[in-house]
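Let me begin by presenting the structure, written as structure tokens, before commenting on it.
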There are 2 protein chains.
Amino acid sequence: MKTWLDLPADDLFGVDNLPYGVFRAPGQEPRVGVRIGDRVLDASRAAEGTPFAQAWAYPSLNAFLAADPETWRAARAWLITAFADESRRAEIEPHLLDLAEVELILPIEVGDYVDFYASEAHATNVGSIFRPDADALTPNWKHLPIGYHGRSGTVVVSGTEIARPVGQRKAPSDPAPVFGPSVRLDIEAELGFVVGGRTELGSRVGVAAAEDHLFGVALFNDWSARDIQAWEYVPLGPFLGKSFASSISPWVTPLEALRYARVPLPAQEPEPLDYLRGEGLFGLDLRLEVRINDTVVSRPPYAEMYWSPAQMLAHLTVNGASIRPGDLFASGTISGGRPGERGSLLELAWNGTEPIELGGGETRSFLADGDTVTITGWAPGPDGARIGLGEVSGTILPAR
Amino acid sequence: MKTWLDLPADDLFGVDNLPYGVFRAPGQEPRVGVRIGDRVLDASRAAEGTPFAQAWAYPSLNAFLAADPETWRAARAWLITAFADESRRAEIEPHLLDLAEVELILPIEVGDYVDFYASEAHATNVGSIFRPDADALTPNWKHLPIGYHGRSGTVVVSGTEIARPVGQRKAPSDPAPVFGPSVRLDIEAELGFVVGGRTELGSRVGVAAAEDHLFGVALFNDWSARDIQAWEYVPLGPFLGKSFASSISPWVTPLEALRYARVPLPAQEPEPLDYLRGEGLFGLDLRLEVRINDTVVSRPPYAEMYWSPAQMLAHLTVNGASIRPGDLFASGTISGGRPGERGSLLELAWNGTEPIELGGGETRSFLADGDTVTITGWAPGPDGARIGLGEVSGTILPAR
């Protein structure tokens, strides 16, 4: 779609994208912003008088997430018109700020955060590495989207520095656990789904209704200390190996902006139980790119994910668990079937046996202090356009 | 300690107790209350003009939890004087409401909720039942307090009805998973620790500093669907088997009120790593009682718990995970070494092989629809007094 802004035709943040975030202009309270090109619309001020302006005046997206899908659609339609219609220019332009002049903060107050494990290639790789004597996929894997709760209080915005975590680890050859900084610090390139709306305890969100609660997506890096995780995770799952930090993009792309990226799911065999089946299930053709410092180390294809977002949300609530605006669930590591498509260093360097090259003679099996990891991504838009996902980046500091 | 209120000497909620909760009087906004006997002090109004009155005017304890331990101590000293000093009667008495006239709501906005697994008897029993061919305790159990994150959005106040959860289960003999209401619905009698204060990402709370963040305790029932849990929990831990609901007492007993209940920990062998060691580590001599309908089915002794609350909090944060006011961690099921002291039906009826008797010819291996589970407890106070813990209760509704 055309806009009165002077944007290149291939801009990743054109008028067909319009992701939401929360910005702080110098000396002002944070509030909701909408990205276009390299600018941020001060949304609540630009939209004064509309039914959604008030929800945009808060320092997180949560008030807007508490609204209904009709409101989300009306708000997006208003924004598209505001940028597409030349006659609105004089009214809108004064509310555009340069991205470089504002601080982007955590876009949501995270309610509950659940991490899934929805990539068959990833689960197969991890199973092969950690449990070489057993089947790579556990018997439940193709029957339900495996997930677990993570720490919502340590979800941080892109750019936050990540101190190398400290904790217990024990290699099989160690006689007793040892304590110290993690020596197997890893990334997990994931997609986060931001949940809107609210349900009551005891009710469920079926696959057909899931779209009403899937507000949007954001790139997500679930930092993982593999050595801490390996020692702690039996029998109750990952805890300190994950809870030190997870980074999220400041920009939440509405699901509506990804309608050209919908693709069929991979075949699901065996057929899942009824509550995980439905006509409209879709995957998303998102192309990710993972960089460590200046080197692209992987290009994970989201389209290969086994479970759809609607299936994940339906499963999450099938037991009657309620949802709140600001809940967040992540896809789990996105790995494609080919080696250059793996979303973690554990897989890329195959548990340290095949270190990857970063150029300049540097190699990595896991992250080194000072490394900066950046995940970017895009999706097909209308007429050959690309819808950019906001990047998520973080630099590793030495252990404190 | 004496009070001008007309309370029996053995009242569980005397002036040495004074737990905090949140009440709603008819037609009014919820705010913080303090229980004494069968009455509730309208705390923010009674304390008008004090430095803590404003924090008590909120509809949760979170604002008060955000204060520092000095403020908590000053507030408690003010309350004790208010009830002990006869000259304060005329000032205070008008702010006392009958418990029967108010609604008690969830006392905290739960930040992150972590469930530990700190009872050696419980872990041993569960290991023996679920993994009969392996060692009952996993190799990590005595080296670290095992824990995992649960769903904070489904922590509900005592009295909330609990719909039987629905989901997938698969007995080893089933060829494929089946879908339906859980047929192995269980309880877990636990103690919840309410966290106050805030730390920064990347910092830790050592065992010595833990007390500054341990505001108080509340009885907790971590409802568990054993069949759903058994099918889903490998490899990433419990998810839907737990996330449908956890019930908490409306009354949070300050840790200060439990100073006469401090007891040495059981011997920890092997000695844990340095960050889990300290001079002042203590257990708590809390005596719990679990009733199903009218029958006492268990009397779990908290004093036998292997890991101290300070060790649990130190472990939770050793990797740099930050904490927020309103975070909650629970002890895990409290089971003593004797059969009548087990904190779950899984253990009490030994995986269904020894159903327990409820009287009237009724037996239970797991919960039936209509069952009401009530957990009560008390701790030794000064001069032979007892400090009552607020009860947590819930009734099972049929699956929706």
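Backbone N, Cα and C define each Cβ position, glycine as well.
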According to TrEMBL, A:K242, A:S246 bind Mg(2+), and the residue from A:D222, A:D227 that belongs to that same site is A:D222
Given TrEMBL lists A:R131, A:Q229, A:Y233, A:T333 for substrate, the same-site residue among A:Y113, A:Y117:
A:Y117
Starting from the Ca(2+) binding annotation in TrEMBL that includes A:E188, A:E190, A:D222, which of A:D112, A:D115, A:D285, A:D294 is the extra site residue?
A:D115
Check each residue in the chain of A:E190 (Ca(2+) binding site) that is at least six apart in sequence and keep those whose C-beta is under 8 Å from its C-beta; list them in sequence order.
A:D115, A:L219, A:F220, A:N221, A:D222, A:A330, A:S331, A:G332, A:T333, A:I334, A:G343
DSSP-derived class (H/G/I helix, E/B strand, else coil) of A:D115 (Ca(2+) binding site):
strand
For A:H122 (active site, proton acceptor), what is the secondary structure state per DSSP, taken as helix, strand or coil?
helix
Candidates from A:Y117, A:H122, A:E188, A:Y233, A:S246, A:T333 close to chain B, where recorded positions are judged by Cβ under 8 Å:
A:Y117, A:Y233
Beyond the listed site residues A:D115, A:E188, A:E190, A:D222, identify every same-chain residue whose Cβ lies within 8 Å of the center of their Cβ atoms for the Ca(2+) site.
A:A189, A:F220, A:N221, A:S224, A:K242, A:S246, A:A330, A:S331, A:G332, A:T333
Between A:E188 (Ca(2+) binding site) and A:H122 (active site, proton acceptor), how far is it from one CA atom to the other, in Å?
10
Lowest local Cβ density (other Cβ within 10 Å) among binding-site residues: A:Q229, A:S246, A:T333:
A:Q229
